[in-house]
Amino acid sequence: MADEAKAKGNAAFSSGDFNAAIKHFTDAINLSPTNHVLYSNRSAAYASLHQYEAALSDAKRTVELKPDWSKGYSRLGAAHLGLHQYQDAVSAYKKGLEIDPNNEALKSGLADAQSAATASASRSRAAPPPNPFGDAFQGPEMWAKLTADPTTRVFLQQPDFVKAMQEIQRNPSKLNEYLQDQRVMQALGVLLNVKFKAHGGGDDMEIPEADSPPAPSPSRPAKEEVKKPEPEPEPEPMEITEEEKEKKEKKEKALKEKEAGNAAYKKKDFETAIKHYTTAMELDDGDISYITNRAAVYLEMGK
């Protein structure tokens, strides 16, 4: 019976229904009150709902029941991290690594806790303006959200994506380095509960920065020995509707507004930059680069 309730809890957790998962894990605990795995699983479910006090209580119970099980310390560290008890989180992860030195989850958690502790100490000395995306990447709930979403759950099987998200979690400003990665932008949309329109490879989604130099044209051979075949006749141009023409014109205007915003950003004229990016967003709401560019300006302004 306990195993059946546990299985239901695991299924609910995987689907993102954390309240149902807690209910099933609680049923299983009532049937098997000394099973450390059940407390560990329920701790993870509580953490996914930001209920870190309850998550911490279950994590402590996990460690009491099975002090030589490294995952218990991972749950303990995650709960402390969610409660901003960074030094306690560091201690928990270190204890887990003493039991399992090669555990990558514990290593990642320790790095996050140490980074958060350092950032906390820095903020106490001088509080910088907050990163507009920083909160989205904080705490273990980030991984829970990415696991719950069917699209980003697939990405978690890809080591380079996991590494990128770990870097961004430790330092949210690293997001700027991954704006061309559609998986990262999909994850950002999940974390912010925003639907981003997907773009093909090569679409610019950068924050304002210096223009990149044009790519060099491929060199041509000095002399062609083989005669080229006769070119195919070009197809007749297709007529476009008024709606398509208007949409194309709006996209072109949006790009010009973006360029004007970039120029104002480089001059530190932030109010003008915001005005241009906002206009670009109104003209073409399917391009995320206008949103991220405006967010970068707000960051510079400390908003």
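Glycine is treated like the rest: Cβ placed from N, Cα and C.
The feature compositional bias 'Low complexity' is assigned by TrEMBL to 111-126.
Look at TrEMBL and you will find 221-231 (among others) tagged as compositional bias 'Basic and acidic residues'.
The compositional bias 'Acidic residues' feature in TrEMBL is assigned to 232-243.
Listed as Cβ neighbours of the compositional bias 'Basic and acidic residues' (244-262) (distance under 8 Å, sequence separation of 6 or more from its ends, same chain) are residues 208-209, 272-277, 279-281, 283-284, 287, 289-290, 293-294, 297. As annotated by TrEMBL, compositional bias 'Basic and acidic residues' applies to 244-262 (among others).
Under the heading domain 'STI1', TrEMBL lists 139-178. Secondary structure of the domain 'STI1' (139-178) per DSSP (helix as H, G, I; strand as E, B; remaining residues coil): 33 helix, 0 strand, 7 coil.
The region 'Disordered' feature in TrEMBL is assigned to 109-138 (among others).
Feature annotation from TrEMBL assigns region 'Disordered' to 202-262 (among others).
Assigned with DSSP, the residues of the repeat 'TPR' (2-35) fall into helix, strand and coil as follows: 27 helix, 0 strand, 7 coil. Among the features that TrEMBL reports, repeat 'TPR' is placed at 2-35 (among others).
Per TrEMBL, repeat 'TPR' is recorded for 36-69 (among others). With DSSP states grouped into helix (H, G, I), strand (E, B) and coil, the repeat 'TPR' (36-69) comes out at 27 helix, 0 strand, 7 coil.
Residues 36, 40, 43-44, 46-47, 50, 52-53, 55-56, 58-60, 62-63, 109-110, 112-114, 116-117, 120, 139-141 of the same chain lie 6+ residues outside the repeat 'TPR' (70-103) yet bring a C-beta within less than 8 angstroms of a C-beta in it. The annotation repeat 'TPR' is assigned in TrEMBL to 70-103 (among others).
Helix, strand and coil content of the repeat 'TPR' (254-287), in residues and according to DSSP, is 27 helix, 0 strand, 7 coil. Taken from TrEMBL, the feature repeat 'TPR' covers 254-287 (among others).
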**Study point:** the repeat 'TPR' (254-287) [mean pLDDT, rounded to integer]
**Key:** 85
Check your understanding: Short question: which residues 6 or more past the ends of the domain 'STI1' (139-178) have a Cβ under 8 Å from it?
Key -> 14-16, 18, 44, 47-48, 50, 78, 81-82, 108-109, 111-112, 115, 131, 133, 184, 186-188, 190-191, 206-207, 296
**Study point:** DSSP helix/strand/coil residue counts for the repeat 'TPR' (70-103)
**Key:** 27 helix, 0 strand, 7 coil
